[in-house]
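Trainee: To start, I am sharing the structure in question, which I have written as structure tokens.
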């Protein structure tokens, strides 16, 4: 009897060991064992996430699979491993850590849900959400009758029905956001409808889950379930009255750009834990209280953003994977045995998919949504994830779901989420369009310089904005006709972090301003471009690109194609230090720039910002820039000069053009073949023709100076360039033609070319910004047809 009791109740573990040298086995103690478990979990889940990345699967898939592999379904079949790494006596500690992580993750999910935007969702989204809940819920109840007759005999009928209904009707809001970002659908109609419908679905799921928990207590008396449910409602009402005023007071005291008082952060985290404690006492679940607090925190101002930054990395990176493993340790795929069990698994998967996809598809068609979009919506709404596992775990802990049903439901969640990406890709591909045959103006150099110039100006952060606006102001030319049209694209990295979803809420359809008509936005990015548009009469359309850095260049290139852009301006990947040198921010942005240069269907400029015009936006009347174009020859230099000539039309811009000619008895050095296979002689004749036209057009313009300098070597070239180091902006070609230019400097970053690399190096002292220009060149066209554009 004693041994039986010992088996049921393992001895409690001490926290820390004395070490192996004093005869202790560290794995018999709670802390070293927990550390080993966490490290193992991180290695396995991150490794799987890396392997699944080519399949474009969200990280939650890797974490669920990792949990199952570490549990009794795979590695756990080896009893020695299971008893050493995940012994029964350690599960309490592991579950406690996992639930603390879950508590704070649900707080973050609550922070992501903005009820104001939900209220504005509209009838269409509401209809899709209701259909996406009600039909699967009904089918879940239907399938629960079959399961109760076969493998779930003897469970509480009411709570089992509700749990099955909730489990089949959930859409995982955070997982869906990641899938949409991966597929570049966030800013499409389908993406916005799916996000809004999933958010409504999420709220409904929590309410249904609270009901399911209330019904699933050990005490089967209906009065107890009613008390639990009413107490839960009382908690929500009480929290709604008490919590928001306190958080609003905190939020008002947190100013933009200033550090948030640690006391407020601490108080909020304590409130999350306290709310969890209260809901646990009621008998719902501690995470429900944390979720409610997250929803009640005001989303305006910097407070919510700071909270997310403080909490998310530790929670989603460290604690949350533990929750998947604690689920995996309860999942034993081996319990699904025989034709009946596998048949029931197929039935549950079919029922889950049918309910979600069919319900969403039919309602979408009723709202006149095209068939392909409606089908894509159905597939997207079918994605499951963490919330699904929470429901299943609570059901398992409360003895509503047995081992076999639990394993079936986990595999169903895994399968439905895994197929979402390939199915959506199969039916809905909005990104690529056929190249436009009427897209003529792909560069700045053109026959008629008075045609409209369309620029796509990209920026990473608000620190890039004043200089970009000052550059655009100088580029707008004269008032003759509609000369300049600007699309300002905010490049935002989409990560696996929960706060990425907060950014998604703020994104609008690409190509449209992201402020609503008649309602001025507080977004400082939008305000800056709005002010510039009103002051300069230039058409400006702000937009946001939210994507991972590996495929951000696709967003830039596709937008340029769609908007008939002639010139893309990219920010340099390094920021200016106070001492005038550059520090690298993210090498990934360097790769984004390289890929855009390779794939863009128009000309591209990389803007190395040394504070053009100072740190503030300059009004048109105060513009006073001296621009220097260094001309060595070649198509990129012609494009740089064409851009400089356009800038020179601005009354506040003085342009100096310096042409470098090689002074040599032998011309052998410069008769060479360039990279595209065009002979240097052909390029020289194109340069001469272009410069002749340029000199004719500027003969009466006193604000433009043109100089020719004969140089014999690199040092003479550098001396001449140094004479102009006090200008405001250098405009240079990326790959100039000529031995002098190519010998000028070691090229550290190929995207800047030899001249750009020299002008941004520590050897060259200047406060001038640099614009490095690459002209669009269509390989399929001959030089003659290129000149026609």
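In case you wondered, yes, glycine gets a Cβ from its N, Cα and C as well.
Below are the features listed in TrEMBL for this protein:
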| type | residues | note |
| --- | --- | --- |
| DOMAIN | 48-423 | domain 'Cation/H+ exchanger transmembrane' |
| DOMAIN | 483-622 | domain 'Cation/H(+) antiporter central' |
| DOMAIN | 624-777 | domain 'Cation/H(+) antiporter C-terminal' |
| TRANSMEM | 29-48 | transmembrane segment |
| TRANSMEM | 60-76 | transmembrane segment |
| TRANSMEM | 96-113 | transmembrane segment |
| TRANSMEM | 125-147 | transmembrane segment |
| TRANSMEM | 159-181 | transmembrane segment |
| TRANSMEM | 193-214 | transmembrane segment |
| TRANSMEM | 226-247 | transmembrane segment |
| TRANSMEM | 268-297 | transmembrane segment |
| TRANSMEM | 342-367 | transmembrane segment |
| TRANSMEM | 374-394 | transmembrane segment |
| TRANSMEM | 406-428 | transmembrane segment |
Trainee: Counting Cβ pairs under 8 Å that are 6 or more apart in sequence, does the total for the transmembrane segment (342-367) and the transmembrane segment (125-147) reach three or more?
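Mentor: Taking Cβ pairs at least 6 residues apart, the transmembrane segment (125-147) and the transmembrane segment (342-367) are in contact, with 3 or more under 8 Å.
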Trainee: Using a Cβ-Cβ cut-off of under 8 Å, list the residues of the same chain that are 6+ residues beyond the ends of the transmembrane segment (268-297) and lie near it.
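Mentor: The answer is 99, 102-104, 106-113, 115, 206, 209-210, 213-214, 217, 228, 231-232, 235-236, 239-240, 243-244, 247, 250, 303-304, 307, 311, 390, 394.
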Trainee: Using a cut-off of under 8 Å between C-beta atoms, tell me which stretch among 29-48, 60-76, 96-113, 125-147, 193-214 contacts the transmembrane segment (226-247) the most.
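Mentor: The stretch with the most close Cβ contacts to the transmembrane segment (226-247) is 193-214.
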Trainee: Please tell me whether the transmembrane segment (374-394) and the transmembrane segment (159-181) touch - that is, whether there are at least 3 C-beta pairs under 8 Å between them, with each pair 6 or more apart in sequence.
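Mentor: Contact criterion met.
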Trainee: Looking only at residues six or more beyond either end of the transmembrane segment (193-214), which have a C-beta under 8 A from one in the stretch?
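Mentor: Same-chain contacts beyond the flanks: 109, 113, 117-118, 121, 124-126, 128-129, 132-133, 137, 159, 162-163, 165-166, 169-173, 176-177, 180, 185-186, 225-226, 228-229, 232, 283-285, 288, 291, 360, 369, 377, 380-381, 387, 390-391, 394-395, 398, 504.
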Trainee: Residues sitting near the transmembrane segment (159-181): Cβ under 8 Å, six or more positions beyond its termini, same chain?
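Mentor: Sequence-distant neighbours of the transmembrane segment (159-181): 58-60, 109, 112-113, 132-134, 136-141, 143-144, 147-148, 152, 191, 194-195, 197-199, 201-202, 204-205, 208-209, 211-212, 215-216, 348, 351-352, 355-356, 380-388, 391-392, 395, 398, 400-401, 409, 417, 420-421, 424, 494, 496, 498, 500-501, 504, 546-548.
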Trainee: Cβ under 8 Å, sequence separation of at least 6 from the ends of the transmembrane segment (125-147): give me the contacting residues as numbers and ranges.
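Mentor: Apart from its flanks, the transmembrane segment (125-147) reaches 160-161, 164-169, 171, 193, 196-198, 200-201, 204-205, 208, 344, 347-348, 351-352, 354-356, 358-360, 362-364, 366-367, 377, 381, 405.
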Trainee: Any idea what the model's mean pLDDT is for the domain 'Cation/H(+) antiporter C-terminal' (624-777)?
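Mentor: In the predicted model, the domain 'Cation/H(+) antiporter C-terminal' (624-777) has a mean pLDDT of 81.
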